[in-house]
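Novice: My structure is below; once you've seen it, I'll send some questions.
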Amino acid sequence: MDSPCQPQALNQALPQLPGSVSESLESSRARMGVESYLPCPLLPAYHRPGASGEASAGNGTPRTTATATTTTASPLREGFGGQDGGELWPLQSEGAAALVTKECQRLAAQGARPEAPKRKWAKDGGDAPSPSKRPWARQENQEAKGESGMGCDSGASNSSSSSSNTTSSSGEASARLREEVQPSAPERLALDYIVPCMRYYGICVKDNFLGAVLGGRVLAEVEALKWGGRLRDGQLVSQRAIPPRSIRGDQIAWVEGHEPGCRSIGALMAHVDAVIRHCAGRLGNYVINGRTKAMVACYPGNGLGYVRHVDNPHGDGRCITCIYYLNQNWDVKVHGGLLQIFPEGRPVVANIEPLFDRLLIFWSDRRNPHEVKPAYATRYAITVWYFDAKERAAARDKYQLASGQKGVQVPVSQPTTPT
């Protein structure tokens, strides 16, 4: 019998949603993210501090290379922080519940896929209403029945033009209703996949985020920044005796997306903004009203990485970290550069390969200490942090924030709190 303290595999715990944010997702595909893999009773129990419930993935092989291992992390260094707010600080031991249960293992061994939960949103978690249950479906059926009955009872007295007008009118009404109710692709991605993943795991991996064409343009702009000498060594807030390059080995540039030669980076940020905007109001008590500039980072491939750290251990306002990777044909066994996340209170390590067109999202606070393993090839990433309004306002009153943390206002339409 396995020990409950034994590290568990996370390779099935981060299921992937097919398709990219730039393409329209069918309802059946949009639903394939988290729900198809999670046991029904477990999803709402996530993210209650000190909760004893556990969670895992059921049957199915997710389309991701994010895995978990028992790899021992490099020791956490105390008292250092990056200019981007990456702080190295002792971690709290308390956290959310463990990730895997024996019941889930039993289901997986039997090849059983749990039935998708059908719940409304809940304050302590929950899931989105199934997009396949369209609010307009009943009206369409009623309209179809009405049209059919009209054709049977009217006889010769009803003209074909009247029937045609009625059908046309009802069709236009249905089309308008679809347009009003049907969520956009970023909205479906946010509600059906990112929000449940963040509530349940605190980590979300989305492949094929932009698509090969736009992703390739972003990569070209980042490479131009590097070869144009625009990148500078990443800095540390705390200046100690230890050389900064022994803590972090990346070169960075802060980009708004409006600069010449950075339009595609701006388009990337617009896509990420759109997804996060639809998450607003559904991720705990956070009120997301802005973000940092985009931090373009390059590890030059000389064996440097970034030691284990927490992005926001002291409440500087950042609540969500989004990282977009740009590394084509990347092989971590050859090139290194693996990102490892150590979810607080869970006996797992999430290994995230920095693959091209992959978007990684995770909580910025002490729940997700992480590190970048030494990279032996040029490794590119773009990172942005989203602010919680209340914490950010408090941080402004307390601290003089580093220049790289000056926020960019992002218009966020706060959705109505789901019921």
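A Cβ is built for glycine as well, from the same backbone N, Cα and C atoms used for every other residue.
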Novice: Record says H309, D311 bind Fe cation. Source is Swiss-Prot. Which of H258, H370 does it list for that same site?
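Specialist: So the Fe cation site in Swiss-Prot includes H309, D311 plus, from the candidates H258, H370, H370.
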Novice: Return the residue, from the listed binding-site residues H309, R379, with the maximum count of other C-beta atoms within 10 angstroms of its C-beta.
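Specialist: Buried the deepest by this measure is R379.
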Novice: For H370 (Fe cation binding site), what is the tally of other C-beta atoms lying within 10 angstroms of its C-beta?
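Specialist: Taking every protein chain into account, the count is 24.
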